[in-house]
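These notes are about the structure you will find just below.
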Amino acid sequence: MSLTGSVDDSSPVTLVQRDGVPRRARDRVPRSRCIALALIALVAVVLGVNALSEVDARNIGEFGLIGALPTGYFVAVGLSLVGFVGSLALKRDVPALLGLQVLVLIVILHGADPIVHGLPRLEASYRHLGIADYIAQSGQLDPTIDAYFSWPGFFALLAMFSEASGLHDLTAIATWAPLGVNVLLMLPLLALASRLTSQWRQAWAAIWVFYLASWVGQDYLSPQSYAFILMIVLVASLMTAFVGWARPVARNKFTSRWRSWVAFLDPTIPRFPGGTGLSKSAGASLTVACAVLVVAITASHQLTPFAVFTVGVALLAIGRISIRFLVPFAGILAFVWLVVVAEPYWSGHINQLLGSIGAVNSTVSKAFISRISGSEAHVLVVAARLVESGLIIVLAVIGMVVAHKRRTPWLTATAGAFAPISLFLLQPYGGELFLRLYMFALPFAACLVVVAFMPKSTRQSLGWVRATALVVLGGLLATTTLITRYGNDRMENFTTDEISVIDELYDKAPEGSIVIEALHNTPWRFQQYAAYKYITLLPAQAQPVASRLTCDTVNKIAGHAGAYLVVTKSQQDAADALGVGPAGSIPDFLSDCSKDPKWSAVYQNGDGVLFHIEGENLGK
Amino acid sequence: MANNYLLARASLAGIALAAAPLAYSGPGAIRAIVVGLFLLTGPGGAFILFIGVERMQTALGNRLAPLLLSLTMALSLAIAALSATIMLYVHWWNPSFAAAALAFLSLGLLALGIRKPGPRRTYSAE
């Protein structure tokens, strides 16, 4: 069984092979060439992993991981790129070889965090572990704690796995999640790309570009990565099992003209009402399967159901999916969940939710302008992200034009890539909406990006010029992604010493204590999620003055009962990179406050310090 | 091709059979691997095989392996997540029981799938 399905692949030449008759001699791929390409992949992965394991995390500078990587790593990336393009240049698809090449790229490019640091990336990973732990221990949801408990599906799954498997510490799962999530995404991406493209080369190249350009780093242990995988599978399933227009479009003039217009733009879209030949029972079973995916997505993440809805509406509008019930179901369910199940969340954030509807200027400002601040290195990283995203958009637009001229599929990928942009009308999503939109759009956009690099048909060879251009594109994207994805490495990753500080906190602070972080970038809450009163002095956002960072503020928070304050290296790195307060504000704050008689450092190591602040009564 | 599906059924049945008792107790690493593998593939795989992928292959085109494998994984994760979520909302938290129940449900679907009639020939090609 082969691993792609596309228009050219259903040509008589391929069908002959399926029926058991050997391919024509000219389509045979020499075994020696396959072995050579597989060896290139193996050398690349050994070199790459070895190079990453040699990285000393202490040498990671303000531009992130790229400055600490040894030469061997770049050789490994180069070999991986050449190996993939070499496999793509073969006369026919060898799925095992192409899959191996993509897997090697995933390990080298997206496995850096676990290999270099050996700990979960991002403070959110630790919080997510804490929520799963809370659910596993208590078997309860408390939506008053935070929004996560209003969309508990993913955390319930983690908790269920933790309890049923006896694996109560999921730190290793969180550490290796970036690699695991990307590996799990590979087949869904291939299934989707196979439905969006006309050649096996284009489908595989699209997946390759996806991994090369995926800088958003939302692949940690999170509800969004889980929901994203389900969303890709859902869209691929709908486009496979429910093909064509949902209604007879010749009923009135408008729909008839619309169909003609769509057919003019993209002649590959089916002209007539759908029907795959599935029996009623098989169709009903697949509908149930898709509905289960929709419900699981809705129960797990706030934003993804709306992305599913917008993409579904776009695909319905261009006659690419024929199922009528599922798209409105997804929209209504997302809305009902928000209004009914997540009531404890929205009732406390009603102004935040409704106030931003239609406020596009504010959303754009939070997504772009407010993020271009901080240290010079951080501004460069943000700028590189914008440039890389811009490059993908430009190449996708070129791909649209080329595909239209060649009369190959492009409109479906375009609809999928651009539909989620309408979410900009809703709300800024904490300033992260641009990241999420890029993530939702990339699987579709990648199919367009590679069009200009593909021959007109599968039967034509890739050729030296296109192959060289692909290697150059791959090199450019890989290098940029090393900056855009790993540029914030110093503040996104943590050290074992920092974790030791947090372990000491949980060891020393009695349950119910007030625990404070100087800046919102602490690897805590992975246990005792609701057993303490967690307080943050400064958000991880640019601000010229750090007004809350004074001894008096902390003393007031400590009040009569006392409190514990955690300050870590990553907090200081984040403050420096993001421009939170004047330079050196955290060391100055510590220097001043440590002289206060109520303050005592109860634990300290090279990467962090834990203070106990006595309550007023005890201090007198 | 038929052998592939037989092998898939046998593998899934083996994982489900092992996962049911291991959801309650067992040696650490093996328990985690088997239960994890089951939650990642079991319920979805059983459903896909129950509805008859052989017939879907005929109707939807022959190159469906990536989609079927993806659907197996996504459905398994979705069913497990929804089972856990329902337990939380009905205030009856028993993950080991749920995992074992899903294992038996998967075994049931796999058995029913075998008893269903073979591929029909009335489906039109894509």
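The backbone N, Cα and C atoms fix where each Cβ goes, glycine too.
TrEMBL labels come from automatic prediction, so no person has curated them.
Per TrEMBL, transmembrane segment is recorded for A:34-52, A:72-90, A:97-116, A:170-191, A:203-221, A:227-250, A:278-297, A:326-346, A:379-403, A:410-429, A:435-455, A:467-487 (among others).
Outside the transmembrane segment (A:326-346) by six or more residues, the chain places 143-144, 147, 149-151, 238, 287, 290-291, 294-295, 298-299, 302, 305-306, 308-309, 312-313, 316, 353 with a CB less than 8 A from a CB of the stretch. Counting same-chain residues at least six beyond the ends of the transmembrane segment (A:467-487), those with a Cβ under 8 angstroms from any Cβ of the stretch are 63-66, 69, 77-78, 81-82, 84-86, 88-89, 109, 112-113, 205, 208-209, 212-217, 377-378, 380-381, 384-385, 387-388, 391, 450, 453. Counting same-chain residues at least six beyond the ends of the transmembrane segment (A:435-455), those with a Cβ under 8 angstroms from any Cβ of the stretch are 189, 192-193, 196-197, 199, 201-203, 205-210, 213-214, 216, 218, 224, 228, 231-232, 303, 307, 311, 389, 392-393, 395-400, 402-403, 406, 408, 410, 412-418, 420-421, 423-424, 429, 461-463, 466, 469-470, 473. Only pairs six or more apart in sequence are counted, and the transmembrane segment (A:170-191) with the transmembrane segment (A:410-429) gives fewer than three Cβ pairs under 8 Å, not enough to call it a contact. By the count of Cβ pairs under 8 Å, the stretch nearest in packing to the transmembrane segment (A:97-116) among A:34-52, A:203-221, A:227-250, A:410-429 is A:34-52.
Residues 29, 33-34, 37, 40-41, 43-45, 47-48, 50-52, 54, 97-98, 101-102, 104-105, 108-109, 201, 204-205, 208, 461-462, 467, 470-471, 474-475, 478 of the same chain lie 6+ residues outside the transmembrane segment (A:72-90) yet bring a C-beta within less than 8 angstroms of a C-beta in it.
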